[in-house]
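Asker: My structure is below; once you've seen it, I'll send some questions.
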Amino acid sequence: MSRFEEKKQLKCSFCGKSQDQVRRLIAGPNVYICDECIELCQEIIQEEFEENVEMDLVDLPKPKEIKDILNGYVIGQEKAKKALAVAVYNHYKRINTDTKTDDVELQKSNIMMLGPTGSGKTLLAQTLAKILNVPFAIADATSLTEAGYVGEDVENILLKLIQAADYDIEKAEKGIIYIDEIDKVARKSENPSITRDVSGEGVQQALLKILEGTVASVPPQGGRKHPHQEFIQIDTTNILFICGGAFDGIEKLIQKRTGKTSMGFGADVKSKVVKDIGGLLKQIQPEDLLKFGLIPEFVGRLPVIVTLDQLDEAALIEILTEPKNALVKQYKKLFEIDGVNVEFEGEALKLIAEKAIERKTGARGLRGIVEGLMMDIMYDVPSRDDIEKVIVTKDTVVNASLPTIILKDVKKDDSEETAS
């Protein structure tokens with residue numbers, strides 16, 4: 001090679017490789033950088049960025065701040081909100097604190113939530129995930145079965161979380177999973193059975209590892225595992241599991257343990273006992289869950305027990321009107337888009353709440369009741385431009401009739417139409 005050619009040979013100013021040894025060499029003022037060094041720089045910057053994100057996670061909301069935000073979405077359940085705020089704060093504080101070099105090991109604090117249908121269990125879990133800006137997944141325990149039987153494997157729960165995190169495994173490993181209807185996987189009797197209970201005790205056994213913390217292999221497309229399939233590896237150590245259930249009948253086990261009776265001489269009046277179910281649930285102990293049919297190892301992995309109250313009429317009316325996602329506010333907004341005002345009379349709201357209590361559906365049943373009342377008027381309004389206001393009255397709820405309609409540009413005396 002001539003001296004002139006040697007001078008013309010261009011090299012990367014960072015690694016010293018010549019232009020023949022790399023795919024691309026980019027020139028700057030008297031300097032050159034190759035594609036390999038660009039990739040390396042990108043990796044270094046990405047690592048630093050991720051470290052900064054980790055540091056930002058330390059600034060998670062304090063328990064009081066978490067509870068204040070929950071107040072905007074969930075009515076009542078003050079003790080439950082406080083207990084959840086503390087448990088969630090401690091969980092993420094544990095994740096963000098390096099305790100590997102310490103003598104003290106902070107253990108995982110998964111949560112068990114007990115409360116009647118429609119008392120706000122799912123909403124609380126969803127709102128917590130929203131506050132903390134972490135991936136969130138809901139699973140139904142009734143669809144799960146032990147591996148090898150018809151139904152869903154427990155690993156499919158983790159796949160839902162991975163999908164919620166857009167397949168960002170690192171993000172998913174700090175998410176929240178809510179397992180609903182956990183009381184439905186209680187074993188059929190307190191004594192271990194010889195016959196296999198694939199949808200009860202078998203599911204509890206299968207959940208143990210992921211609740212405690214393990215590196216699980218998840219099929220990327222869901223479904224059953226098979227040997228020729230590649231798996232996604234996910235560490236569940238820092239995933240917060242919240243298990244919820246109605247646990248119907250567990251109050252009788254608590255009554256039996258505490259010595260309170262609702263039969264025979266000295267018995268409480270039945271209505272008083274019903275009202276006191278919430279009070280009984282607050283006295284729950286792990287031994288009551290064992291008698292209900294949960295296995296000791298499973299109960300041990302859910303150390304935080306949170307109980308929710310049965311929602312009364314006043315709470316249901318507040319749920320209809322107060323939270324940011326209140327049904328009345330939602331319907332007002334929907335009609336407002338069509339240029340129509342909506343009003344719900346106080347008596348109507350009271351009757352809607354009473355219906356939800358009768359159906360024993362709690363807050364969850366409110367939407368179905370209101371949707372039924374509003375269906376016909378919501379069908380008519382977009383096709384008409386003469387409606388100014390719609391009023392949902394007591395008669396609307398009692399007789400399932402159309403709400404009162406007030407027309408535009410007509411004298412008030414002549415403008416009220418009440419459909420029979």
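Using the three backbone atoms N, Cα and C, a Cβ is placed for every residue, glycine included.
Since we're looking at a predicted model, the values are computed, not measured.
Pulled these features from Swiss-Prot for this protein:
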DOMAIN    1-53  domain 'ClpX-type ZB'
BINDING   Cys12, Cys15, Cys34, Cys37  Zn(2+) binding site
BINDING   Pro116, Thr117, Gly118, Ser119, Gly120, Lys121, Thr122, Leu123  ATP binding site
Asker: Helix, strand or coil for Cys34 (Zn(2+) binding site)? Use DSSP.
Answerer: strand
Asker: Could you give the Cα-Cα distance between Ser119 (ATP binding site) and Cys34 (Zn(2+) binding site), in whole Å?
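Answerer: With distance taken Cα to Cα, Cys34 (Zn(2+) binding site) is 61 Å from Ser119 (ATP binding site).
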Asker: If one measures from the C-alpha of Leu123 (ATP binding site) to the C-alpha of Cys34 (Zn(2+) binding site), what distance in angstrom results, rounded to a whole number?
Answerer: 52
Asker: Quick one: what's DSSP say for Thr122 (ATP binding site), helix, strand or coil?
Answerer: helix
Asker: Measuring CA to CA, name the entry from the binding-site residues Cys12, Cys15, Cys34, Cys37 that ends up nearest Thr122 (ATP binding site).
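Answerer: Sorting the binding-site residues by distance from Thr122 (ATP binding site), the top entry is Cys37.
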Asker: Looking at the binding-site residues Thr117, Ser119, Thr122, which sits with the largest number of other Cβ atoms within 10 Å of its Cβ?
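Answerer: Of the binding-site residues Thr117, Ser119, Thr122, the highest Cβ count within 10 Å belongs to Ser119.
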Asker: Using a 10 Å radius around each Cβ and all protein chains in view, which of these binding-site residues has the most neighbours: Pro116, Gly120?
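Answerer: Selected residue: Gly120.
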